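What follows is a short report on a single structure.
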Amino acid sequence: MDNKNRPIGFFDSGVGGLSVMREALKIMPNENYIYFGDSKNAPYGIKSVEEVRELTFKAVEFLLNKGVKGIAVACNTATSAAVADLRKMYPDLPLVGIEPALKPAVESVNDGSILIMATPMTLKEAKFNRLMKKYEDRADIVPAPCPGLMEFIEEGKLQGEEVEQYLLDKVNTYKKGKISSIVLGCTHYPFIEPLLSRIVGEDTVIIDGGLGTAKELKRRLNEKELLTDSTEVGKVEIINSLDKEEIINLSYRLLEL
Ligand code: DGL
């Protein structure tokens with residue numbers, strides 16, 4: 001197959017990376033996509049770095065065997081654990097990761113703090129701590145680890161009492177005065193953004209890195225002259241390590257949101 005017409009691979013620990021892929025579909029609708037969600041091994045955010053690194057290497061190998069021309073590691077946790085190594089392993093592969101979008105949050109801050117919601121591993125890892133150091137003089141940045149939150153989204157619970165209570169407790173725990181913005185540093189969380197916005201109110205800006213990552217992927221594919229010439233709408237294939245119809249159905253539903 002012509003290199004340009006090969007699919008783009010997306011990977012996440014579960015259904016979260018679809019929040020990034022939906023942005024890619026908007027700006028590159030003619031591409032073909034293969035999405036691999038590793039829901040069987042989720043959540044990644046409470047595992048050891050070593051475990052997540054191994055699972056990520058395996059997922060990337062799986063996608064490469066499917067013939068993808070570039071890969072988006074659409075998971076903040078897997079990015080912090082493995083992307084630096086992956087770049088060394090596959091120096092010629094267009095590869096993007098995702099990290100909490102601190103820059104736009106700091107640039108838009110008026111007064112109050114910036115809450116970073118992410119998995120415990122993302123917030124503990126060196127990658128995030130370097131990022132935080134870079135911006136900590138310019139804003140009051142408050143890391144808020146959210147163990148247990150991605151599970152709601154994996155179960156398709158995007159609203160309802162339980163998830164609402166979880167978010168209320170989380171915001172109340174980390175709130176010290178006004179919250180200027182909230183950064184969604186896990187790709188699962190954009191799916192509960194409408195609920196979170198209702199809880200914190202419209203004055204708090206909610207930011208995620210989905211579109212930025214999709215744009216970076218496009219830029220890297222373009223750089224290698226790998227963007228498709230096709231003018232037809234591309235195909236999307238979703239694969240999940242959890243062999244259940246429900247998770248595939250949920251995945252297609254999330255992609256439509
Ligand atoms: N979606 C993943 C992220 O962006 C993490 C969820 C998990 O497996 O803990 O960090």
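Just so it is clear, glycine is given a Cβ too, placed from its N, Cα and C backbone atoms.
Quantities reported herein were computed from a predicted structural model and do not represent experimental measurements.
According to TrEMBL, the feature substrate binding site maps to ASP12, SER13, TYR44, GLY45, ASN76, THR77, THR187, HIS188. ASP12 (substrate binding site) has a Cβ environment of 31 other Cβ atoms inside 10 Å.
TrEMBL lists CYS75 (among others) with the feature active site, proton donor/acceptor. Less than 8 angstroms from the CB of CYS75 (active site, proton donor/acceptor) sit PHE11, ASP12, SER13, GLY16, GLY17, TYR44, THR56, ILE98, CYS186, THR187, each of them six or more residues away in the same chain.
In the three-state DSSP assignment, the secondary structure recorded for CYS186 (active site, proton donor/acceptor) is coil. The Cβ neighbour count for CYS186 (active site, proton donor/acceptor), using a 10 Å radius and every protein chain shown, is 31. What TrEMBL records for CYS186 (among others) is active site, proton donor/acceptor.
Take the mean position of the Cβ atoms of ASP12, SER13, TYR44, GLY45, ASN76, THR77, THR187, HIS188, the recorded substrate site; other residues of that chain with a Cβ within 8 Å of it are GLY14, GLY16, GLY17, ALA42, PRO43, CYS75, ALA78, THR119, THR122, MET150, CYS186. ASP12 (substrate binding site) carries a strand DSSP state (E or B). If you take the C-beta of THR77 (substrate binding site) and look for same-chain residues 6 or more apart in sequence within under 8 angstroms, you find SER13, TYR44, GLY45, VAL52, ALA118, THR119, MET121, THR122, CYS186.
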